[in-house]
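As recorded in Swiss-Prot:
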DOMAIN    197-237  domain 'LRRCT'
REPEAT    119-140  repeat 'LRR 1'
REPEAT    141-162  repeat 'LRR 2'
REPEAT    163-184  repeat 'LRR 3'
Amino acid sequence: MEHLLLFLSCLSMLVSIAFQSVLLPLILHLFSFFLLSFLSFLHFRSFSANNFKHHSLFLVPKRRSFSISVLPAAAPSSPSSNSFLFPSLSHYFYSLRDTTMVKLTESAVYIRTKCSLENVKKLNLWGCGIDDIQVCEKMSLLEVLSLSVNEVKSLAPLQHCKNLKEVYLRKNCLESLDELEYLKELPNLRTLWIDENPCVGEGGQEYRRKVIRVLPNLTKLDDKPVTTTDHQEAIEDSIPECDMHNSHYSARSNRSNSIDLMSRSLYVGPTVVDRIVQPQLLHFGDTSDEERTTYPARSFSVEVPGLPLTEDHTTVYLDSAPQSHIGSRHNLMSQSMYGTLCGTLAEEPSSADGEDDWNDFSIEEDRVMVQMPLAASHRMYQSMHEGMVIEMKRPPVYGRSVSMPRRRATNLTTRASSMSPAREQRLTKIMSAVSVLLDELDTDGLRQVVDEAQRRLKKQR
């Protein structure tokens, strides 16, 4: 067709030159145009006849005019190859990943799950570039959540998902393990995968111990089961050795330094009976021959006026090494009785040659003497002795600390060991008679009796 048009143009030029006329070339040009139009019509007709079976005519609207387009009548392409007709999930986010924040929306969740936020139980958002999951706080029934290969930085919205069982957060942007604190209140959480996050670092056992310490209910961490050994290491790592040592030392020092007020002093009216400066352990109970041999200077017997001595509950032991007798029990009554007994003994000045007998013991020598009626003293001794007998039958526990001079303990031991059963019975009868007579005395008379008893005690020593 193109060659024919060129041929007619050249022919009209030659005719105009040969005949030196203007009208003839115009006629030739008109003839050429009509001939070309006719040939074009024939060509289009033959083309339509051959291809009408394979093509269809579609009207495509363009504003107010219409144009005819010829489109293939074959089946439409698949969604994977035609992103315009079938948009992907990323078109439902607010913006592109490379430019601004990508926020998870309700419409995106609905496209994936075909249900409302309140009814979602499983949600897979792998590789969507999401960095805002605030909408997850509305998913109260959510059990399985996959957010791997995203840009999540905070787990705060997940603290409202109380039914969460599995959370997958691999390859995200978690900067600190403190974000796991938001998952502590999830009772059903058993599987967690946070590997390849900045907070993991190089990983290893230390990282696993930290995670297990925060979430002890986990059974699977980073696609690895959590064993009993992991739990033990997490517990041991949570209690530093220095803290354990300080706690043990503090408890031991409190036990050794605490002295009960009743063991330090006994008040009869305004008068202070006894004051103990440095405590030592006081033990009441049975003793064996081996113990008496090991501590001969620390063992003595206490003679209680008005009460018979028994072999089971009248022996007193002093020991300056608490570690060898941990577990012995000392009740308040026995300690108060000991303080009262020491207070009723007459004081003697310490001599230069007797200073070695006291060693590390320290008791005030200018202590006020006890002014107490003997009847009241007898009743007090009796009640204290009964309480001491009951206490001796109980299991041993930690006791209090008191002290007493070794020299006096030795003297008491000598006198108590030399007392015969007949003398004990006679002394009991005498004390009973004295108690009856003391009931007839007034306060002044009782004081005179106490003074006389103290003077005689000094003479006996």
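Glycine too: its Cβ is placed from the backbone N, Cα and C atoms.
Values in this document were obtained by computation on a predicted structure and should not be read as measured data.
Cβ atoms under 8 Å from those of the repeat 'LRR 2' (141-162) belong to residues 97, 102, 118-131, 133-135, 168-175, 179-180, 182-183, 185-188, 193 of the same chain, restricted to positions at least 6 beyond its ends. DSSP states for the repeat 'LRR 1' (119-140), grouped as helix (H, G, I), strand (E, B) and coil, give 6 helix, 4 strand, 12 coil. Look at the repeat 'LRR 2' (141-162): DSSP puts its residues at 5 helix, 3 strand, 14 coil. Each residue in the repeat 'LRR 3' (163-184) gets a DSSP state, and the totals come to 7 helix, 3 strand, 12 coil.
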